[in-house]
Amino acid sequence: MADQPKPISPLKNLLAGGFGGVCLVFVGHPLDTVKVRLQTQPPSLPGQPPMYSGTFDCFRKTLFREGITGLYRGMAAPIIGVTPMFAVCFFGFGLGKKLQQKHPEDVLSYPQLFAAGMLSGVFTTGIMTPGERIKCLLQIQASSGESKYTGTLDCAKKLYQEFGIRGIYKGTVLTLMRDVPASGMYFMTYEWLKNIFTPEGKRVSELSAPRILVAGGIAGIFNWAVAIPPDVLKSRFQTAPPGKYPNGFRDVLRELIRDEGVTSLYKGFNAVMIRAFPANAACFLGFEVAMKFLNWATPNL
């Protein structure tokens, strides 16, 4: 296996991880909106077509009815959360690696990298859950014709007033179920591909931008291949009226399989996979570029 990344300062981690996260959200949010609307659309009545027939139909209708701003609905919530979330994400991955090293020069196996990635998923849940909750509510209200919330802060304020802190953190368990294994797959795949793509005699840190894009994009696809079923459950649970699912994700899972079959757990699959490659390619390239710039501009930071 090729060389491990060198330790970086928390401030550099914050700045580079935040920049990578902003790149991810900006590139991927339109298809994330499509994904959430597909996952949360109500079952069609007998003899009537569904609200959206698929990814491209949802994209087309959203663009036609709401314009380009409709595709970026609810983006403020993930943008606000990405800087600390991605800083914590990369910090958690680095900490997970360090905890498994007996000596600083030890090279970790791929199962160890997977475990380190899982730790990053635990770290990010506290930031991710409220952002996802608000984002999903804002994304579906436009398609449903309701306008309960005027924006991100208004949504957070009303959730807290109505349900307290638990209302904002609704879906925490499902976020953990999604992000812990998916983050393990995410980082392990990225490190594996970086090692594969590194030419003979070169270091991983010298990998070209196109190869970073490909490694990051494929890592995103592997991440979402693991994350889609719990993500469907999370989206449905977080946007449901209070009290609809008293037993949590078990009730959501039971209802989905009963009413729509096992394939309902992969609602929005096309939108997710179309989004996964460019969004995560942008994330990792943004992170790597920011880190190189910071190491050049402020080597002692």
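Placed from the backbone N, Cα and C atoms, the Cβ positions cover glycine too.
Bear in mind that the values here come from a model prediction, so they are computed numbers and not experimental data.
According to Swiss-Prot, the feature N-acetylalanine maps to ALA2.
Under a cutoff of 8 A between CB atoms, and with a sequence separation of 6+ in the same chain, the neighbours of LYS148 (N6-acetyllysine) are GLN141, LYS158. The N6-acetyllysine feature in Swiss-Prot is assigned to LYS148 (among others); the stated evidence is similarity to another entry.
Within 10 Å of the C-beta of LYS157 (N6-acetyllysine) there are 14 other C-beta atoms, taking all protein chains into account. Residues or ranges marked as N6-acetyllysine by Swiss-Prot on the basis of similarity to another entry: LYS157 (among others).
What Swiss-Prot lists as N6-succinyllysine is LYS170. DSSP assigns LYS170 (N6-succinyllysine) to coil in the three-state reduction, placing it in neither a helix nor a strand. In the structure as shown, the Cβ atom of LYS170 (N6-succinyllysine) sits within 10 Å of 23 other Cβ atoms.
Here Swiss-Prot flags LYS170 (among others) as N6-acetyllysine, drawing on similarity to another entry.
The repeat 'Solcar 1' feature in Swiss-Prot is assigned to 8-99. Summarised as a single figure, the pLDDT of the repeat 'Solcar 1' (8-99) averages 82.
According to Swiss-Prot, the feature repeat 'Solcar 2' maps to 108-196.
Residues or ranges marked as repeat 'Solcar 3' by Swiss-Prot: 207-293.
Residues or ranges marked as topological domain 'Cytoplasmic' by Swiss-Prot on the basis of sequence analysis: 2-12 (among others).
Marked as topological domain 'Mitochondrial matrix' by Swiss-Prot on the basis of sequence analysis: 32-73 (among others). Proximity of distant same-chain residues to the topological domain 'Mitochondrial matrix' (32-73), defined by a Cβ-Cβ separation under 8 Å and at least 6 residues beyond the stretch ends, is recorded for 135-136, 138-140, 142-143, 231-232, 235-236, 239, 259-260, 267-268, 270-272, 274-275.
The topological domain 'Cytoplasmic' annotation in Swiss-Prot covers 94-112 (among others). For the topological domain 'Cytoplasmic' (94-112), the DSSP counts in helix, strand and coil order read 10 helix, 0 strand, 9 coil.
Sequence annotations record features per position, and here Swiss-Prot assigns topological domain 'Mitochondrial matrix' to 132-170 (among others) based on sequence analysis.
What Swiss-Prot lists as topological domain 'Cytoplasmic' is 191-211 (among others), and the listing cites sequence analysis.
Look at Swiss-Prot and you will find 231-267 (among others) tagged as topological domain 'Mitochondrial matrix'. Beyond the topological domain 'Mitochondrial matrix' (231-267), the same-chain residues lying 6 or more positions past its ends with a Cβ under 8 Å from any Cβ of the stretch are 36, 38-40, 43, 132-133, 136-137, 140, 163, 170-171, 173-175, 177-178, 224.
Residue counts of the topological domain 'Cytoplasmic' (288-301) by helix, strand and coil are 10 helix, 0 strand, 4 coil (DSSP-based). According to Swiss-Prot, the feature topological domain 'Cytoplasmic' maps to 288-301 (among others), an assignment based on sequence analysis.
The annotation transmembrane segment is assigned in Swiss-Prot to 13-31 (among others) on the grounds of sequence analysis.
A separation of roughly 15 Å, to the nearest angstrom, links the Cα atoms of LYS157 (N6-acetyllysine) and LYS170 (N6-succinyllysine). Residue counts of the topological domain 'Mitochondrial matrix' (231-267) by helix, strand and coil are 25 helix, 0 strand, 12 coil (DSSP-based). Tertiary proximity for the transmembrane segment (171-190) is limited to same-chain residues at least six positions away from its ends with a CB under 8 Å from its CB atoms, namely 89, 93, 110, 113-118, 120-122, 124-125, 128-129, 132-133, 215-216, 218-220, 222-227, 230-231, 233-234, 237-238, 248-249, 280, 284.
The largest share of C-beta pairs under 8 angstroms with the transmembrane segment (74-93) comes from 13-31, of the ranges 13-31, 212-230, 268-287. The DSSP breakdown of the topological domain 'Mitochondrial matrix' (32-73), given as helix, strand and coil counts, is 25 helix, 0 strand, 17 coil.
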